[in-house]
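Peer 1: Quick one: this structure, given as structure tokens, is what I'll be asking you about.
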């Protein structure tokens, strides 16, 4: 009896252990097929295809999936990242910058009145479906985006970026797009638009194959066809997107990779584990906490995205006493930006002085920030009529979600709360769920001061200053409800001015006005971190969050 | 038996209708402007208004509900706002991924849990019993998130035994047919890939299966102890039957009935509650699908997703009830 019992006991235990993964014998045995994987423990396990020889497939890990693969109907960065590989626009940004350069259009001419742009298109370019790229294709795309009754605007689609960059229906900037001949296309504008070329270069205005749009209809958003370096192959939602090399790509020698697989791995630390384990080659959005691990690994390298964003605290002008400039200035003096950067950004940020990043043209270097000075803050508060600090607690909205410009809003809010406490300003931090948060700050009824941020869409100061602080952006992105007529005149004037030097001057003046009025406390411009295998070369991170994978190769 | 089955299936309808009503009211009570959330900060006011019209958000919610139900009756599960794709078409791969993960987790939980429970009862108050029950206690109170990350750290990062994320090796992809990858690789006869797919399943199914495993172990133990003290077991023992046969043949059958209930309930719970596991292990399942729909206020997806989960849950419970009769002939549904 006992013999049977003991045997059963052993069998059951053994089976249980094997199932629970403790039975390592099986697994180690089978990793043998990785071809003598005796790498040092701190280097990632090399996968069969990658060991030894240089690889030609890139696996990228990112936090979220695309919403759609048709760039015209999306506004989220994750969707645009993929679209950037499949589509080309007439113009593009020089890698790593927000400077415009030729792409599908080789050259362009602008009339002196700024009302007509003529583009010469690159000859001999073909879409992935084999059809020709030409002036007619450009016309087709722009008509599709601008005509609200277009038969190629499918149910539920809206061309938001087109509306926001070139004005909504009824006040369009672009009057007409004409095919002059096979390789020449002319844009006629209703009014001059200074950032026109910057806008045209956006990924969202990538040129789609008219034949594919007509044929695939609604399904085009799942099976995109452009002229880009990579051809769309497969999309497993929330899992991966596979892109193949465009062997007939019109830019010679590109792309260098044979295949790109973009995986969605929502958890930051799991993504980092996957990178260390060799399951992916490149990852986006590294947590500042993982920076030291990354830096100590010789198999991995750190990649920094140029700072092109701003995180800020906005004062709600609808609430007293934040309509008082002295109060706003006083609180501005009482924020220790450097300490916040050291504590919560692992140094991967710089203190913000203006509402736009210093890398953008038109940035005003001579604007002086409100230095951290609690005595001065107290004095200013007294001047404003509050010698003992503010009588009521202030409601401070802190972001409940992690954003590229603000990894942990609540912690930063707590640090600021502690500083303000010292000058007699009590704060209550609130972090409602993100959708509610955006709703509340837009209505401006519940928050006194709110935390928010912005990543630039294109390389134009207009996309920061006008979009976020002009009175036209109420209700909307101007959640401070800040109105300054002089600023409005400057910003709208700058939109119509076509001379970049003159525009630059106007934006510099605008930044001075904004600093004096202090509708915001600009906090930081962050440097988003990526990490990749050390032998991954040719990746140039773009400021707006999209970049070509066509130059990437493995050494 | 058949009439019972028909009766049970008929009961499904009011349950599911009640479910739609509850889900519909709850998600419409969540604050936040869906148009803003769906389209993002960068969308224009005009397109937000257009979306509100399109979704019928400007209509009274009762009317919205009836419109929704009307579509549902006609077999239209709705269209996702975020991806603009019909949900019926979109949800299948997610559902398959979750079913595969749930099945693997429950296989693990049941096999380990039932055997641990039996052995604990059999060797009551032995070192095995104490250890198993302590492990079970830790198991029920283990945060899935933490367990998952620790597994990754140990088995993927330190030991390199198992992959940390995803469902397969993307460098050597599996051709998908049913979206149940284990089945797909078997159908294709790709045994090497079958092994990679199973390796990808191991860590997430342990993370997800640990809590049910612990619950099942405790349930089995107490149920077995009760049965082991009954007269017919004493008789069987007295007749000199081997301990193994007594336990696994005679006692187990009767002890299994309450355990079966727990297994059914746990399977249902895992179906929808796998969000954390799916997030950590980048598993493209239905839990994450619904979770993302919630955070982007994708109403149609939330509604339909929850409804489908509820439907499967009810079906599993029905199956459990039918299994009772198969195990114990004394139970019959007349």
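Even glycines carry a Cβ here, placed using N, Cα and C.
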Peer 1: Taking B:176-196, B:197-217 as the choices, which stretch does TrEMBL tie to transmembrane segment?
Peer 2: B:197-217
Peer 1: Which of these ranges is annotated transmembrane segment in TrEMBL: B:70-89, B:130-149, B:150-169?
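Peer 2: The listed stretch tagged transmembrane segment in TrEMBL is B:130-149.
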Peer 1: Under TrEMBL, the annotation transmembrane segment belongs to which of these stretches: B:228-254, B:255-281?
Peer 2: B:255-281
Peer 1: Considering pairs 6 or more residues apart, do the transmembrane segment (B:301-327) and the transmembrane segment (B:9-30) have at least three CB pairs under 8 Å?
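Peer 2: As far as Cβ distances go (cut-off 8 Å, pairs 6 or more apart), the transmembrane segment (B:301-327) and the transmembrane segment (B:9-30) touch.
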Peer 1: If we call contact 3 or more Cβ pairs under 8 Å (sequence gap 6 or more), are the transmembrane segment (B:197-217) and the transmembrane segment (B:9-30) touching?
Peer 2: no
Peer 1: Same chain, outside the transmembrane segment (B:94-118) by at least 6, Cβ under 8 Å from its Cβ: which residues?
Peer 2: 132, 135-136, 167, 178-182, 201, 204-206, 208-210, 212-221, 223-224, 247-248, 252, 255-256, 259, 263, 266-267, 270-271, 274, 277-278, 283-289, 308
